[in-house]
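According to TrEMBL, the feature transmembrane segment maps to B:25-46, B:52-71, B:78-96, B:108-126, B:138-158, B:178-196, B:208-224, B:257-278, B:310-332, B:344-371, B:378-394, B:406-424.
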Amino acid sequence: MTPIIDVRNIRKSFGGLTVIDDCSIQVSKGSITGMIGPNGAGKSTLFNIIAGSLAPDSGEVLLNGQAITQLSANQRFHRGLLRTFQIAHEFSHLTSLENLMMVPPLQEGENLFSTWLRPGEVRRQEAEVRRRALEVLDFVGLSHVRNELAGNLSGGQKKLLELGRTMMTDAEVVLLDEIAAGVNRTLLGDLMGNIERLNRELGYTFLVIEHDMDMIGRLCDPVIVLAQGQVMMEGSIGEIQNNPEVIEAYFGSETA
Amino acid sequence: MTAPSPQRPASSATSTRHALPIRELALFGGLALVVLTVFATMGPAYSTRMLVEASCYAILALGLTIQWGYAGQFNAGIMGFVALGGFSATFFSIPVNHAFWASDLPGRLGWVLLAMVVVTAIVFGISRLDRIGVPKLLRTILAIVAGLVGYLVVISWLRSVTGDIESQVEFIGGLGLPVWLGWIVGGALAGGVGYFIGHICLGLRSDYLVIATLGIAEIIKAFLKNSDWLTRGTATISPLPWPVPDPGEVGFLTARALYLSVTVVMIAVIFFLLHRAYHAPWGRMIRAIRDNEVSAAAMGKSINRRRQEIFVFGCILMGIGGAVLTSFNGLFDPQGYLPLNHTFLVLVMVILGGPGNNLGTLFGAVLVYVIWIMSGPMALAVMHAIVALGSHWFDWQPGNLDSRALQARVFVIGLLILLVLRFAPRGLIPEKVAHHN
Amino acid sequence: MNELIYFFNYVVVAGSVTGCIYAIGAVGVTLIYSILRFAHFAHADMMTLGTLAVLLLTLAFPHAGDPLGLPTAIVMLPVAMAFTSLVAVGIDRAFYQPLRSHGVKPIVMVIASLGVTLMLQGLIRLFAGTGSQNLYVDARKEIFRIDVPGVTRPIILTEPQVILFVITIVAVVGLHLFLTRARLGKAMRAMSDNPDLARASGINTRLIITLTWVIAGSLATIAGTLLSLDVAFKPDLSFFLLLPIFAAAIVGGVGHPYGAIAGGFLVGFAETLAVFNWSVLLRPLRDSLPTWLELPSNLALVGTEYKIVVPFFILVAVLIWRPTGIFKGKVI
Amino acid sequence: DVKVGFLGGFTGGIESLTPPIFDGAKLAVQEINDQGGLLDGEKMVMPSGDTTCSDASAASNAADRLVNSEQVTAIVGALCTGATIAAANNAAIPGGVVMVSPASTAPAVTDLDDDDLVFRTVPSDAFQGEQLAKLLLSKGIEDVAVTYVNNDYGQGLDDAFTKTFEAEGGSISANLAHEDNRADYRSEIGKLSSGGSQTLVVLAYADTSGQTILRQAYESGAFTQYAGGDGMVGNALVDAVGADVLEGMIATRPGSPDVPGSDIFNDLAEKADIDPSAVFAAQSYDAAFLLALAIEKNGSADREGLSKALRDVATAPGETILPGEWEKAKKLIGEGKEINYEGASGSAEFDDNGDVPGIVVEMAVEDGKFVTKGAIDE
Amino acid sequence: MPLLEAVDVHGGYGGMNILNGVNMTIEADEIGVIVGPNGAGKSTMLKAVFGLLTITQGEIRLRGKPITNLSPHKLVEMGMGFVPQEKNIFPSLSVEENLEMGAFLKPATVSRLKAQIYEFFPPLLEKRRQPAGELSGGQRQMVAMGRALMNEPSVLLLDEPTAGLSPRYMNEIFERVKTINAAGVGVLMVEQNAKQALRIAHKGFVLAAGQNRFSDTGEALLNDPQVAKSFLGG
Ligand SMILES: Nc1ncnc2c1ncn2[C@@H]1O[C@H](COP(=O)(O)OP(=O)(O)OP(=O)(O)O)[C@@H](O)[C@H]1O
Ligand SMILES: Nc1ncnc2c1ncn2[C@@H]1O[C@H](COP(=O)(O)OP(=O)(O)OP(=O)(O)O)[C@@H](O)[C@H]1O
Ligand SMILES: [Mg+2]
Ligand SMILES: [Mg+2]
């Protein structure tokens, strides 16, 4: 079976410093693949390259066997590739609700002429989108701040909003960059349940960067370990936690 | 980490959400009062004129509020688009210059334009040579050399043809078509130039856009001013036809009232279209892009297309507004397009009214225009009073009184900007935050 | 040879003078931009204001410079700089400070500075009238005509031009040292990056802002005065400098003092070269040209009436080629 | 009260020229009021409007305010040609108001389709340009470089000058427009001097570009002789550039030293503390005086019939009225006699287009001052 | 006398109250940990203590002296250090300059402390000439922490210092907090890695909807099943 995401021999350097060094990874369809690695290993950079926010120096990214390296971020979105940002990128002057409502692609009302000529259709779609957005807000525990400007949310709430956005449209692959950081653990438990459900019931594929081992342990299989821009190892969480190299680089010697 | 931010539109809008729009009503009531006062003191003919001009400015301001209020693009080159619109209105509506068309000059001009196209095509072709394996450096050098030579050749031909036009037939004249055609084409022309500018500048940071547009407006003006063969340059063209009977036929008041009804209908249509668009997902998307482009791109919105679209849309309105204004003034004078009147004044209208709020923008346009017009005589009166006191007490006798008094008007506009920003940073009728319950 | 001297006088000298003025102006703009994060449109009017102060002082004490052998205006410069700085700080306190604490977007600050521009313009004209005035009161500009052997045309330099070159160098080097070495300089950059965090680090942001305005006001006074010494004082002179100065700052890479210098000279020379009549340089070849090729009398790239558009072509060209400007517009 | 409006460029390009021109008109108003006023002892008042010189919409707006709000009977002005045309086409002509411009010199005013409502007390540039050219040639100056300010004034003057100068055997090595109000004209001067002429003709304003150009031209050392049009005349220019630099500069300006009115006006002006040699001040005085006479003749403050009355009082035949002789004129008109105003700047004999025959005066800088050398012979 | 005391603090942003009467006390040798759901007002509380927020009611005292609404740079002079949750670095300054800014008021000790920080966060040493804005999420967090430590504060306010750090550095941060606390520095920190944080805490505060829900020793909160279930993730 072709992997849904196939990253081939990516290289990326910033002014002489190589950050991703001939890195290849595969994510198989329907999996929740974890990605861990020391700070500065290049995980977020790799995400940016997959999602199209950064262009690689060389190498290729394939989605469902098709090369998407030349596509822009918004075109990749339309192919079903969604992502969150490690440092929240909310629309600070839109309310939480609007932050979600603007996500669904191809809304009739986004066409200037349709807004003038087909107001009925626009309104109908809008109601539909709002319904969905309210559901998602409920889901991530933000209903009570739905009319608050996103810029005024707390740090954790912004992260939740990031997550909520990926649920606003049918995705094939969702890239999650440290959504747990700053999120209350009780709430996180619920969210993990929902991620699993999306994965099982709707067939979403997830690629998850995380430093929270509980979460990785509960959700992810397999787990890829990235270090210094290269894949150090790949395997189940158990294998990884017992690998001395990984322990040394990532967990620190005194814990495991 | 942010300092306590008093920018809390959410809550302020929440509190007045359900009540009558008292603020709006009060403000518009006040405005009506001001206008009535002007009618009473200045006479109906002059006041109607003021209203027509204010309505033309309102179209400009709506154009700016789209660009700046909706999308956060700060266009400081309004003057340029106004001038383009004005030129188009003029060119379409003034009589045909038969002397020009009867001579061999149109043909020669045509050849030069053709040569221009050919040179552009050649340079473009050379710049694509790297596709067939020519080294990039060589390509660049070739393109620059070809461009330079071609430019010098075409320019010298153009100079000779235009020189002949100026000396033989003065200028190429107009098309003698109905003026509203010129208005529409003026909008299209401004939109076209806006497209071109947007293509180059919209990828840049917002403050670069300010400078670039400021410069491009100057370029447009310099071109119109120095192309005597096309626009008569500083010699100006007047009178310009109106789409309605002009004052010479039916008197000042009637003619202006008719013109006013035309502009009011235009504004109503524009207003309706904008309202629809802004409150649809389109508006939301535009605000999202204004807020955070990286994120909007990641959410599948095509940033460049949208920014382009909105910039062009705004420019079209500016072109139309400029055309309507110029026709009304009855005179095309490239020198008359001034940053102070045609850029900064519009800016103040939008700031004061509330960027991103159409109603606020309209309000701002009318109010600021009234202030602007009345500030001249008022400044004079105040200055005279001060001097009367001054000479009474200190024997102070400044010269150039009137000139100095009118400088005060510039001061007042500046102060107005600052006061509004200080006390109503989001305008008197601020942009609304959408609420859903 | 005559042609070369001609080229030197009309391109090298003229370009350098314009370049210096643009450069000092652009440094000020860039400084404010990098610390306070907005394009300060009132800079050109601060230049005018500073010059007005110099003018008034010079009128009051026309012979103060004689003992030093310098133009009086130069002697008065420090006083005027202090005055302008004071005004700049006052404007900041009255108009920019409240907006800043409201946390408005930078573009709103830009607009506020447009408001300040108009206000200053109105005020200056209200008090200074509108005509132009020479900064050499009761004195005459010294003109150095340097004869080059074997050539009829002399090289011409004027006193203010020489002073201008010297002061430009001093100002730029000093500013650079200040910004990179001094702790306060770094604090200024920190402040521009993240004002809240700067406060949380114990940096007195008010002091920094005040200092910024003092430097900016002083630089503006210097630029305005030197320009007016070279030409004449005119209340609306500076408005025509605003655009090239901003073009220079951006072309050089906003936030980069050396970039601003480079940009200033680039724009200054571009203006000069674009309107230069190249056929003058070709004239010595006239006799050796084939007869069918007649040397056109005007080989300038653009007419002088289009000189004002040159900065913008440079701007657009540079921005397309290198969107962050020559010096990679990072902050200082 | 009878209102006669004044339109001038109080701000903008000619803001420093405007106040003395306004003073000229106000001087006339002052006198008329001192000597018994208009009609039945009504006072003449003069509301003003700012045209900004270059902004057509501001000009027509100001004119409109005078015509429709102030309800003036007639207008003195505007000054810049663009402003005059805008004001005429948009307000004065539709409103039937007579305009007398003391300063619009461009030929375009001649061709205005104006229902005989637009007049001027200043000759067209076409004439002055010719005269300047002839003057220079007559002094043996046959090779010049010319620069003119890029507006209707400069361009009109330049056209006329160049045509005549070349037609009569002179040669022009460079002819260059320059933008007003720039900081630096070195590159322009470079171009001008590249042709090698020793004489530089500057057709610009003394306050703005003209001054800077002269100073920089001197600094460049490229020229030895300077010449200019009326815009350059003003002692401020000499003070600013330096008397020794400009010594011998040649200039022209409209006006007539030989008409008796001129001396009277000079006296009057000096008494009122106004510079009589200020450009267009005398023309402005004449315009205001003429309009007052016309109103008196017309017998009411109505606009109707005023233009005919204006022609009556301005042109021969009739008893000559000189500046300052309001009482006499009023009396004569009262008696139903014909009068003919001979003004401070000329005879004000309007032709069919409302233009006056030009008299151009030669000026020169001597001992650090502009002095009048006398009219240039045709 | 307690080191830091907050009594019935009310405050918020632009008229809307977020904190509705929060009480907290920590002694000089104590670590206080604030936990709670997202949006509870934890960060707001730290900002209030640090003078970045206008307090409408209540009082905050440092060593008994009222510091309510004192400006931040005064507080820094008094020995307080703060690591915000968001925007906690100077993006265009290099890492080294970021650290120097931390010691703005104590220039003399810069080089000594800098060496310490580099030793503690080796990745920063490599990156010391790079603008901090180009760092990875975790590296930024290190810079932010390092910057606050540069001032050798006697009271340290930390807002989620371990968010985004790999387990290795997370543990080290907790160790470090313990060490500096042992050296006499009072620490008040907000944490979502609540279990680990409460393990080292002397006092724990559970904040919900801008009010104290539970306050007890860290140990007691950890073992309270209700707290664990609703706030610590079971
Ligand atoms: N724009 C940039 N310019 C220069 N260096 C960069 C840039 N972006 C990232 N880097 C460097 O690349 C390396 C990898 O960064 P990246 O953000 O991918 O790390 P990460 O694996 O996501 O780490 P973390 O877990 O801390 O988020 C870091 O050392 C960082 O300093
Ligand atoms: N600048 C602001 N303006 C208005 N409201 C704000 C602002 N910042 C935060 N809030 C609101 O204050 C509440 C508390 O925010 P705070 O940041 O203190 O939460 P927190 O407890 O730190 O949450 P988290 O764990 O998610 O960081 C939130 O509901 C948020 O919407
Ligand atoms: Mg990361
Ligand atoms: Mg928080």
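Using N, Cα and C of the backbone, Cβ positions are placed for all residues, glycine too.
Residues 139, 142-143, 146-147, 150-151, 153-154, 157-158, 161-162, 164-165, 172 of the same chain, all 6+ positions outside the transmembrane segment (B:108-126), place their C-beta atoms under 8 angstroms from a C-beta of that stretch.
For the transmembrane segment (B:78-96), the most Cβ-contacting stretch among B:25-46, B:208-224, B:310-332, B:344-371, B:406-424 is B:310-332 (pairs under 8 Å). With a threshold of 8 Å between CB atoms, the same-chain residues lying at least 6 positions outside the transmembrane segment (B:406-424) that come near it are 340, 344-345, 347-348, 351-352, 368, 371-372, 375-376, 379-380, 382-383, 430. Comparison of B:25-46, B:257-278, B:310-332, B:344-371 by number of C-beta pairs under 8 angstroms to the transmembrane segment (B:52-71) places B:344-371 first. Within the same chain, the transmembrane segment (B:310-332) stays apart from the transmembrane segment (B:344-371): fewer than three Cβ pairs sit under 8 Å, each pair at least 6 residues apart. Using a Cβ-Cβ cut-off under 8 Å and counting only residues 6 or more beyond its ends in the same chain, the transmembrane segment (B:25-46) has close neighbours at 252-253, 256, 363, 366-367, 370, 374, 428-429.
For the transmembrane segment (B:344-371), the residues of the chain that approach it from at least six positions outside its boundaries are 24, 27-28, 31, 34-35, 38, 50-51, 53-55, 57-58, 60-62, 64-65, 68-70, 76, 78, 267, 271, 274-275, 278, 287, 412-413, 416-417, 420-421, 424, 426-432, judged by C-beta separation under 8 angstroms.
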